[in-house]
Structures are given as C-alpha cells and as structure tokens.
Ligand SMILES: NC(=O)C1=CN([C@@H]2O[C@H](COP(=O)(O)OP(=O)(O)OC[C@H]3O[C@@H](n4cnc5c(N)ncnc54)[C@H](O)[C@@H]3O)[C@@H](O)[C@H]2O)C=CC1
Ligand SMILES: CC(=O)C(=O)O
Ligand SMILES: [Mg+2]
C-alpha cells in the first residue's frame with residue numbers, strides 16, 4: 001500500500017500544486033462558496049480557520065475543523081456501513097450503491113476521493129473499473145447527475161477547435177477517448193460509454209499518479225446502432241445511426257487536430273472502439289500524434305507477459321515459448337493485438353520469420369477455426385489463418401472443443417466477449433493439454449462475459465492449471481487449505497505506465513519498441529517462486545510500484561529511439577544521462593499524491 005511513508009509531505013505538496021500555484025497572498029483565485037463547490041480545492045470540514053477567514057468561507061461550514069484522517073475514517077465507516085446494510089441484496093444493486101457513494105465523493109472532494117481510491121485500490125478498482133463500470137455504462141442515462149469530461153458529437157462538426165477551449169483546465173496531459181462502439185464485452189453503448197474513459201483515467205491517477213487536474217475523459221458521439229438506445233426517450237446521446245466511412249473519420253480527425261492545437265503534448269489513449277475503427281485510427285494517427293490503442297496494444301503486452309509467465313510456471317526456460325501451442329478465441333482488436341505481439345516475440349526468440357512463428361498459434365472467431373479457406377476473411381485476421389493442408393483432422397470452422405481436443409494447447413486464451421464459452425467440456429479437454437501446467441486466460445470483461453469462472457476452471461481443467469481473468473475473481477479454495485491463485489490479466493497493468501512513461505519522456509509518438517519494453521518489464525517483474533506457484537502478475541496493491549517501473553522502461557525506450565523531447569524542466573539530455581534507478585526515481589517524483597495543501601500563503 002502507498003502511504004505517506006513513501007511520499008514526504010514536501011514532495012507531495014510540490015506535485016499537488018505544480019500546475020496551480022498563483023503568486024499572491026492566496027494560492028487559489030476562487031473565493032467563498034465557489035471554493036466549496038470546486039472538488040479540486042474543496043476540503044469540506046477540513047478547511048483550517050485561517051483559510052476560512054482569508055478565502056471568505058467562514059460561516060459557510062460548521063465551526064469544528066475535522067482533520068483529513070478523520071474525514072477519511074468517516075468515509076470508510078460510511079462505506080462499510082453501506083456494505084453491511086446491503087448485505088444479501090443482488091450483486092448489481094450492491095455494486096451500483098458502492099459506485100454511487102464513491103462517485104458522490106469524487107464530485108465533491110477529489111483529494112479525499114483519490115486518497116481512499118489509492119489506499120483501497122484492491123476493493124475499489126472493481127467498482128470504478130471493471131466489472132462495475134460496465135453496469136454503470138449500461139445504466140448511465142439513469143445514473144447521470146453531473147457531467148464529467150467532454151462530449152463531441154457529430155453535430156459539432158466544424159466547432160471542435162473552439163469547443164476544446166471550453167475545457168476549464170489549463171493543461172491536459174492524458175486523454176482517454178472512446179466512441180462507445182464496443183464497451184467491454186457489452187457492445188455498442190453509444191454515449192453511455194463515457195464511463196470507460198472516466199474509469200480508465202481514475203486508474204491513471206491511482207496507478208500512475210497523473211494529476212487529476214490534467215486528465216480529460218472524452219466521448220465522441222458519432223451515433224449508435226443500438227436499437228434499444230435509439231428508442232429510449234431518456235437516452236442522452238445522438239439518436240441517429242453511427243456515421244461510417246469518411247464522415248466518421250473526418251470527425252475523429254477534427255477532434256485530434258483540436259486537441260493537439262490546444263495541448264500539443266497531450267497523450268490520447270483510444271479505448272473500446274469497434275475493431276475496424278480501432279485498427280484504422282491506430283494506423284492513421286500513430287505516427288502523427290502521441291497516441292495508442294489500449295485494447296490492441298495495452299492488452300497485447302499484458303497477455304504476452306502472462307504467456308511468458310506460463311512458460312516459467314512450467315519450470316521451463318523462456319526460450320521454450322517458441323514451442324508453446326496457443327489457442328486464441330476471439331479475432332477482434334484485442335485477440336489480434338495479442339497474436340501480433342506474441343508472434344513478434346516468437347520470431348525474435350527463434351530468429352525466424354513471422355510466418356514460421358505463426359505455426360503454433362490457432363485463431364478462432366464466432367465462425368470457428370480461421371483457415372485460408374474462409375470466405376470473406378477479415379483482412380486483419382488473414383495473416384493468422386491456418387493452411388488447411390497443414391492441419392491434421394481439423395478443417396475450416398472447426399469448433400472450439402474440436403480444436404482444443406486436437407491441438408492439446410499449452411494455453412487457451414479468450415478475448416471473445418462471450419461469457420461461459422469455455423464450458424465444462426472445453427475445460428475438461430484442457431486436462432489432455434501437452435503442458436505440465438496448462439494455462440487458461442478468460443480475459444473478457446466484465447465478469448459475466450468472462451469465458452469461464454475461476455471456480456469452473458480449477459474444477460474442470462484441474463488444480464494444476466494457471467488461471468487468469470480480465471475481471472477479478474476470488475482465489476479458489478481447492479480443499480486441504482490449498483488455493484488456486486486467480487491472476488487478473490487486465491491492461492490496467494500496462495496502460496498507466498505506457499501513458500506516464502510517454503508523458504515524462506515527452507515522446508513524439510509511441511512506438512512498438514516502447515510497448516515491447518513495457519511488456520518485458522511486466523514479464524520480468526515476478527520472481528521464479530511466485531510464477532511457479534501460479535502468480536503471473538503483481539498484486540494490484542502494488543500497482544504504483546509496477547507502474548513506476550513500466551513507465552521508466554517506456555521512457556528509456558523512447559530515449560534510446562531518440563524520440564524523447566523532455567518534459568517540463570527536464571530536457572532530452574538529462575533524460576539520456578539518467579541511470580535506470582534514476583529514471584525510476586524521476587518517475588516516482590512526478591507522481592501526484594493526494595494530500596490537502598495550503599490554499600493561502602503563510603503571512
Ligand atoms: N482483459 C483485458 O485487459 C481486455 C479484455 N478485453 C475484452 O475482450 C473482449 C473482446 O474485445 P475486442 O477484441 O475488442 O472485441 P471485438 O468485438 O473486436 O472481437 C470479438 C471477437 O470475438 C469473436 N467471437 C464472438 N463470438 C464468438 C464465439 N462464440 N466463439 C469464438 N469467438 C467469438 C468475434 O468473431 C470477434 O472476432 C471484450 O469482452 C473485452 O472486454 C479487451 C481488451 C482488454
Ligand atoms: C480492459 C479493457 O480495456 C476492456 O475490457 O476493453
Ligand atoms: Mg478496453
């Protein structure tokens with residue numbers, strides 16, 4: 001857990017006010033109730049008397065001053081009491097109630113909100129991130145109280161350059177952008193998908209220490225093809241079908257130009273775009289702006305780290321990765337991203353070309369095994385299609401069970417969005433795997449879309465497996481006091497570090513080399529003992545630690561590729577001269593940490 005022991009008050013204060021200090025007797029330019037209504041400055045009952053006097057809020061609060069620690073304890077007590085009072089109610093109701101109490105705090109007092117989030121990340125990540133964020137998006141129109149982030153719609157064409165200046169923050173470092181077309185495994189949720197950029201950016205603050213004043217969640221509302229939403233009177237987005245083709249791209253182009261005109265160094269993370277636009281926009285912008293696609297690139301790195309971990313878990317050298325047979329279920333943006341990166345890793349290790357490296361991978365989509373005989377094959381999936389002449393006993397469209405039985409894979413990895421598709425028969429077939437420790441990755445989100453539950457995986461595939469899921473599950477009791485470890489294979493282990501490392505290096509754009517460095521850093525983070533007991537990823541409690549390391553790896557890679565232009569007072573030359581440990585220290589020093597800071601200068 002990260003607490004004050006790791007951040008001195010002085011360093012916290014520095015980072016807290018870096019962008020906001022205004023010279024003069026008061027640090028903040030607002031006065032009176034405006035301060036109480038600004039969640040960034042608000043301290044609720046925590047304002048000391050001098051600040052109440054000098055900021056014109058004396059009398060606007062009850063007289064007693066409550067310390068930050070007391071406020072923290074009071075919030076946690078309310079949270080626990082909510083847990084007690086909702087005990088036994090349906091999961092969805094409990095989760096939404098928890099989300100509401102956190103969201104109310106977020107709306108009111110950001111310092112306290114981010115502090116409870118950071119200190120309790122294990123308990124709160126499942127509320128502000130997957131799985132509950134999915135439910136929040138599904139119910140967004142009903143839950144909507146106050147706007148957060150920015151909304152650019154197809155109706156705003158021609159206006160975006162001026163709209164971007166409506167954002168009140170002076171500086172924006174990190175943007176998460178979605179068009180709502182593929183929200184987790186829940187499909188097209190239109191404007192309601194804004195919950196995802198908000199949740200991802202909360203993870204940026206918690207894990208990477210990005211200053212919350214410098215984040216911007218963005219929804220590009222280009223319509224929706226979700227009939228239910230189109231017919232819903234209370235739907236808050238454009239009630240029109242999605243724009244396509246050049247019309248669509250011209251909206252995204254306009255947004256990207258507007259953002260980078262106002263904040264040339266802002267990093268844009270594309271999130272939860274349907275596959276065709278995910279690939280197209282990545283191709284279109286990756287050499288022009290500092291951007292990446294989290295579902296394609298972040299997920300790939302996390303999956304690759306997990307795949308390398310499974311090799312180590314079998315007690316085999318990493319070089320044995322080239323011999324592992326891997327079945328990927330789901331040929332969308334995430335599945336194809338994983339395949340691309342894993343195949344590049346095999347090529348590098350084996351010193352052969354990509355086409356030889358592809359031999360050990362099998363790709364399945366909704367129509368079964370993808371082979372070269374597939375008509376209307378998606379061009380993005382085509383390079384991974386199997387040659388039927390090289391398949392014994394399997395043909396085009398073979399179903400998942402047939403493939404698992406025939407291939408006896410070392411790893412079964414799901415990114416299909418289809419809950420329960422790794423059913424009892426499929427999991428039992430994994431008992432015949434050629435691996436001494438087969439791995440099952442049910443990576444789809446949210447929980448109900450996971451390809452299988454953790455309990456089913458250990459029950460049917462055997463206790464000897466390595467298991468990972470995209471959304472969290474409890475460890476599984478196996479009897480005799482033993483537990484099956486549940487890993488969370490989620491891109492949250494990488495995207496914060498990719499964003500932070502890119503930001504602090506001042507990288508011109510984000511290269512494959514930087515992403516590979518991030519994945520390698522995560523892959524080598526765990527010890528052999530941990531990996532051999534089935535623990536492939538660090539505990540979420542240490543997500544700031546791992547993010548600092550990943551960020552440093554990304555930064556150093558940007559430096560080595562001559563892409564680092566520096567950040568703030570730290571120029572490219574200083575970055576180049578930093579040793580590895582110094583880079584990690586530099587990253588940590590720049591992480592924002594929530595603590596109340598004085599709003600007036602001492603007289
Ligand atoms: N754990 C993590 O970090 C991440 C998880 N995901 C999850 O992965 C899932 C897929 O995401 P995308 O690839 O972007 O979606 P997508 O919509 O681009 O792709 C889905 C793929 O699954 C295939 N599919 C559908 N039904 C199937 C079936 N019955 N059997 C086999 N394949 C089937 C489709 O043909 C398609 O190829 C989502 O649930 C998402 O939440 C995505 C990114 C990161
Ligand atoms: C985790 C994530 O990015 C997804 O499920 O789409
Ligand atoms: Mg995503």
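Just so it is clear, glycine is given a Cβ too, placed from its N, Cα and C backbone atoms.
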Listed in TrEMBL for the (S)-malate site shared with 182, 490, one of 120, 123, 231, 445: 445
Residue from 232, 295 that TrEMBL also lists as binding divalent metal cation with 271, 272: 295
Cα-proximity to residue 182 ((S)-malate binding site), 10 Å cut-off, over recorded positions 129, 200, 271, 272: 271, 272
Alpha-carbon distance [residue 490 ((S)-malate binding site); residue 295 (divalent metal cation binding site)] in Å: 10
Cα within 10 Å of residue 129 (active site, proton donor) - qualifying recorded positions among 200, 271, 272, 490: 200
Recorded positions close to ligand 3 - of 200, 271, 295, only those whose C-beta is under 6 Å away: 271, 295
Filtered recorded positions, from 200, 271, 490, whose Cβ is under 6 Å from an atom of ligand 1: 490
Chain-internal residues near residue 445 ((S)-malate binding site), provided their CB is under 8 angstroms and they sit 6+ positions away: 130, 131, 134, 184, 185, 470, 471, 490
Secondary-structure category, per DSSP, in which residue 295 (divalent metal cation binding site) falls: helix
Other CB atoms, at most 10 A from the CB of residue 271 (divalent metal cation binding site): 29
